[in-house]
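Visitor: According to TrEMBL, the transmembrane segment annotation covers 33-56, 226-247, 254-271, 306-327, 353-377, 447-473, 494-516, 556-579, 591-615, 635-668.
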Amino acid sequence: MGGKQDQNEVYGKPAKYDPFFRGPIKNRSCTDIICCVLFFLFVLGYIAVGLVAWVYGDPQQVLYPRNSTGAYCGIGENKDKPYLLYFNIFSCVLTTDIITITQNGLACPTPQVCVSSCPEVPWTVETDQLSQSVGQVFYAANRNFCLPGVPGDMQVLQSLRQELCPSFLLPSTPALGRCFPWSNSTVPKLPGISNTSIAQGISGLLDSLNARDISVKVFEDFAQSWYWILIALGVALVLSLLFILLLRLVAGPLVFVLIIGVLGVLAYGIYHSWEEYRVLRDKGASISQLGFTTNLSAYSSVQETWLAALIVLAVLEGILLLMLIFLRQRIRIAIALLEEASRAVGQMMSTMFYPLFTFVLLLVCIAYWGMTALYLATSGQPQYVFWAPNVSLSGCEHVPMNTSCNPMDQPVNSSCPGLMCVFQGYLSTGLVQRSLFNLQIYGVLGLFWTINWVLALGQCVLAGAFASFYWAFHKPQDIPTFPLSSAFMRTLRYHTGSLAFGALILTLVQIARVILEYIDNKLRGTQNPMARCIMCCFKCCLWCLEKFIKFLNRNAYIMIAIYGKNFCVSAKNAFMLLMRNIVRVVVLDKVTDLLLFFGKLLVVGGVGALSFFFFTGRIQGLGKDIESPQLNYYWLPMMTSILGAYVIANGFFSVFGMCVDTLFLCFLEDLERNDGSVDRPYYMSKALLKILGKKNEVPPGDKRKK
């Protein structure tokens, strides 16, 4: 007896009857206060990091190009000059590769000037123009491409030697705020540079950076189709809502059809595997003839592969059939819970739109982190140093190369050909710059923790609202007037610390996964097979741990919303309750996953098919007002509609999934707390009572004893 009792109580004792329990407890106290204080201090530190980044950072360094003097193009004194022109862009292409140029902020060892428009026609300084003035050759011909402050009476030859004016111009197009030559432009003859290398450099540069035409076409497509995209998203919203609300009527038949469909797919797989195995067996194709090979497709031509597939599919088919036979009662309970969840959502429609609030909070968290990271990355003053294309030339021997300089001043030694003050990078000697890495790590930790806390808040609030539905004895009379807002205020007031505790545990695991992915990416080329196997095992273990913690947190938040206890106690009680009903948990989880997957497939697939036929013009006879727009890329609005439909369906079905999980835990608690007597009646629906063969002794119309 003692051994049996101990075995039954391995996962805790069943919940005891509480005559004062009427659903989510209202008289509760703050939980996990230490975590709450820690979370608030962390958020204050996160805000302080943002303020420091805002004070010391300058995102204009990324958003706007700089000229040779360090001034930004497109703002300030250069407001009417948004583009940057390179005097000799080929020095960028020929001195390094395009990837390096991009990583260095598209900086080149050549003078750069802000211009109002890029050159449209080719031009080269003629020999007879060298003795003329800059004003005659450049300013009079509206070639305003010299560095600021170059006097008009300066000789052209002198300006070219000091690289104050360009020696040639090429037809260019703006990309990323910079003027890049056309790949088919006529290239002037330059010493030491071949036309082939120039053409290849320009072509590669434009292929990598010139997205202007594509961006214009994308903008045009969105301008032509934005209202149709909104209509498609509206269709997705209506389909998602109808699917959830109609589940109370079609959940049983739909689950039955889906299960039959899975059985049919497995049956066809068995038949196909048998046919392939029979043909290959008659041919005598065996794995012994093939041997070991890294070409996995070759194994499809041997009989052992199809025999193994046949056995696996047959085992799966048998397991599913046995489950249908022996677990049919639990499947009926799962279907009844799905129908009850549909009724709960119908009674509290505001819960379906709560994900919009969560989405806004997530956008705030991500936007704050992105701006903070950008400001931190651009903190520090720009540093300029002396540079010359060839330091071995006469006149450059005594020039202090790579030493600091002021780009606004003239070079200290103009006898050195090509000497100029160029941008090198940003100073890292300040306190903020020295702590830049630590501040970025703090920001990443803040991003993960705040996002997980926002998601936890949404789960706990929805759980509180749906629990108030289940524990209302007379529905809908006993349901609180504003269940969602009451649950929100209750969660925010009492359980911020508990949500922060659960979010912190999940954050630490996610940070560990990020670090592991970073290490794996850095060492990918140097790892041996054993190291890769170990790394893969570590990644798999952390992935499984993250999934388990998400599952445990989700159910812990439900218990917090109902009973108002701290995170650890709630997580323990939820885990024990689920382990005492593990078979029901598995059945409900799989039936719910199958149903929600079908719902997402129905919504996303329906919107995708409708968008495809509409935007490709294959739907005819709708009238002039419903004609498909003329598009450059028909797949762009189609993919936008599909992505938006998935986001909408995922938001709606996440609420429904939370509703199912909450009602399920309440159902399990109801079974343990009550027995159907007058003093301890069940709170579950009549359909669940009928399936379980139970009934309440409370006469119809009588109210629950207070």
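The backbone N, Cα and C atoms fix where each Cβ goes, glycine too.
TrEMBL: automatically predicted annotations, no manual curation.
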Visitor: State the non-local partners of the transmembrane segment (33-56) in its own chain: residues 6+ outside its ends, Cβ under 8 Å from one of its Cβ atoms.
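Guide: Same-chain residues near the transmembrane segment (33-56) but 6 or more away: 368, 371-373, 375-376, 379-380, 430, 432-433, 439, 442-443, 446, 449-450, 453, 496-498, 500-501, 504, 567.
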Visitor: Mind checking which residues reach the transmembrane segment (494-516)? Cβ under 8 Å, same chain, six or more beyond either end.
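Guide: Here the qualifying positions are 28-39, 444-445, 448-449, 452-453, 455-457, 460, 535, 538-539, 542-543, 545-546, 549-550, 553, 556-557, 560-561, 564, 566-568, 570-571.
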Visitor: State the residues, same chain only, that lie 6 or more residues beyond the ends of the transmembrane segment (306-327) and have a CB under 8 A from a CB inside it; answer 'none' if no residue qualifies.
Guide: 259, 262-263, 266-267, 269-270, 273-274, 276-277, 280, 300, 583, 587
Visitor: Sort out the residues at least 6 away from either end of the transmembrane segment (635-668), same chain, that have Cβ-Cβ distances under 8 Å to it, and list them.
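Guide: Those are 218, 221-222, 225, 228-229, 232-233, 235-237, 239-241, 244, 337-338, 340-342, 344-345, 351-352, 354-356, 359, 459, 462-463, 466-467, 469-471, 554-555, 558-559, 561-562, 574, 577-578, 580-581, 584-585, 588, 592, 596, 599-600, 603-604, 607-608, 611-612, 615, 683-684, 688, in sequence order.
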